[in-house]
Amino acid sequence: MQNLALISLFSPFVAFLFASCFALSEKKQFVGIICSLLVALSAFCSLYLLFCNEAFNVSLFEWFAGVNFGFDIDAISLTMMSVVGIVATCVHFYSIFYMAHDEGFNKFFAYLGLFVFSMLFLVMSDNFLGLFVGWEGVGLCSWLLIGFWYKNDTYSFAANEAFIMNRIADLGMLLGIFWLYLQAGTLKYDKVFSMAQSLDHNALILIATCLFIGAMGKSAQFPFHTWLADAMAGPTPVSALIHAATMVTAGVYLVIRASTLYDLVPEVSYIIALLGAFVAIFAASMALVVRDLKRIIAYSTLSQLGYMFVAAGLGAYGIALFHLATHAFFKSLLFLGAGNVMHAMNDKLDIKKMGGLFKPLKITAILMCIGSLALAGIYPFAGFFSKDLILGYSFISFHHGIFLVLLIAAFLTAFYSFRLLMLVFFTPARHDEHPHEASKIALLAMSPLMVLAIIAGFFEHSFFEYLSTKLVFIDAQNQIVMICASVAAILGAILAIFAYKNSWFKESIEENKIHKLLSNDYFIPQFYHQFIVSKYESLCAILKHCDLYIFDRIVEKIALYSQNISQKMIMPNSLNLMLRFLVAAFVILLILVWMV
């Protein structure tokens, strides 16, 4: 079993090493195939361990006092390993088609392999330090992949934005880990959690808050959210991987893994739930008006992450993990479908300039319809089961304000999901392109995700029974909530269908102040640029001038002064002394040579 766990972890790393050998070579398709097979091997091992349902620890060596280099294989880590493995395998095989004509084909697969390895390292680690190593690994890989086409300044800026914003949040997480080590004397999960109740409550509040700041950055929660939509600059398979199985899910995983700590600080947990509810409706509102195909799906990710944090904040950690898993399948399906649309439309992203794509892209349209139905939470698709459990738990735990916000967000989710479908596939064509369906390998790579987007929800009871060894099962099913959520989703879908079928929204609506507010992301990016980035740039300009005209000149003066002193030392008055030293050194050298 331990060997299988290590194979699962290191297979993607071997893929990275293999592809790196050809990183600077011309495209070699076998690189993509072998890397995909290695990631598939990792997924197979993870699924085998999942079905064996055997928990164990793999301890390799001691890093330093109180921290071993080891991995915990339990219900939580195996669930994450399986989700990461399935999605990553599909994305790898899809990328063989999507990146077929890219000159960086080999390098792309090297980065993907390292990305998957870093995420697996994060979820398998048995201590907070190992988690942080994987955490920084996915941060580095996201920078490499978002800025993969680095010759484009916009893409480079997006990569730097994601990297810098995550580094700021990671400082909070690092402080939390340091403080935890000072309090507990160890970073190993089982030891920390066993002594958690004996730790100082104020210290626990500080630790939990700092750890969550790190989670906010990685999972793009407000106010660290702006990087997520801009990250769409990267190749579409990267978007699928980041939004479904790696990077953004890491923050949710951290809160779930540290559930023992968060149970002891309900005040911090409640703030997490409130922030999650806000982000759920905040992101959904922006998705209503965005015209960029990938950004709409990106905002839907942000909104669904809000749902997950609500569940985790209210103590329903198993439900949060269940929604994370179902969301991974239908979200990656949507992104890969968007990649097919982009490929057919010569990389155009404006959905207002699409339309009429159902006939030429029939299979892609069906796949994206399935993904959108799951995202909207319509029965019997996967999103219906997991999202309704979050709504149900917020209702039965008497957090009715949060429930109402999530219900409105569910309505908005259905609306923007069907808005996307209508404008892309089911309204008259508004373009001059000659679109065609994606290759068979791309469609086959999407097939497992399609199946899971349909059936994953039906494994609800098996899922919670499996997790019962690590997380408390909470029965959050409620008939009233189920009806309310279904009605909200169906109304949102019907409204979008009729609105865009009958052209209710004219172009003049874009002049509306609310529309401008939403389409400009509530002007938060502009605020950041004007009051933070520009101020920082001004400070950098001042420091640059200080460096050039003050510090450099001081150094030059010191150098000139030293030069003058040196010149004085070699004046004729000192020449005799220097010659004496030279002769003495020469004599000593001759004596040494003679002695040898």
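Note that Cβ sites are derived from N, Cα and C of the backbone, with glycine treated the same way.
In TrEMBL, annotation is done automatically, which means it is predicted and not curated.
Look at TrEMBL and you will find 67-109 tagged as domain 'NADH-Ubiquinone oxidoreductase (complex I) chain 5 N-terminal'. Per TrEMBL, the feature domain 'NADH:quinone oxidoreductase/Mrp antiporter transmembrane' maps to 125-413. Feature annotation from TrEMBL assigns transmembrane segment to 6-24, 108-125, 131-150, 162-181, 238-256, 268-289, 296-318, 324-342, 363-382, 402-429, 441-459, 577-595 (among others).
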Using a Cβ cut-off of under 8 Å, list the residues of the same chain at least 6 residues beyond the transmembrane segment (324-342) that approach it.
79, 83, 86-87, 90-91, 94, 98, 236-237, 239-241, 243-245, 249, 252-253, 293-294, 297, 300-301, 304, 308, 348-349, 354, 357, 361, 364, 367-368, 370-372, 374-375, 381-383, 385-386, 424, 437-438, 442, 445-446, 449-450, 452-453, 456-457, 463
If you count Cβ pairs under 8 Å, which stretch among 6-24, 108-125, 131-150, 296-318, 402-429 touches the transmembrane segment (268-289) the most?
296-318
Helix, strand and coil residue totals from DSSP for the domain 'NADH-Ubiquinone oxidoreductase (complex I) chain 5 N-terminal' (67-109) stand at 29 helix, 7 strand, 7 coil
With Cβ distances under 8 Å as the criterion, find the stretch in 6-24, 108-125, 162-181, 238-256 that has the most pairs with the transmembrane segment (296-318).
238-256
Tertiary contacts of the transmembrane segment (162-181), as residues 6+ beyond its ends and Cβ separation under 8 Å
66, 128-129, 132, 135-136, 139-140, 142-143, 146, 187, 192, 203, 206-218, 224, 226-228, 230-231
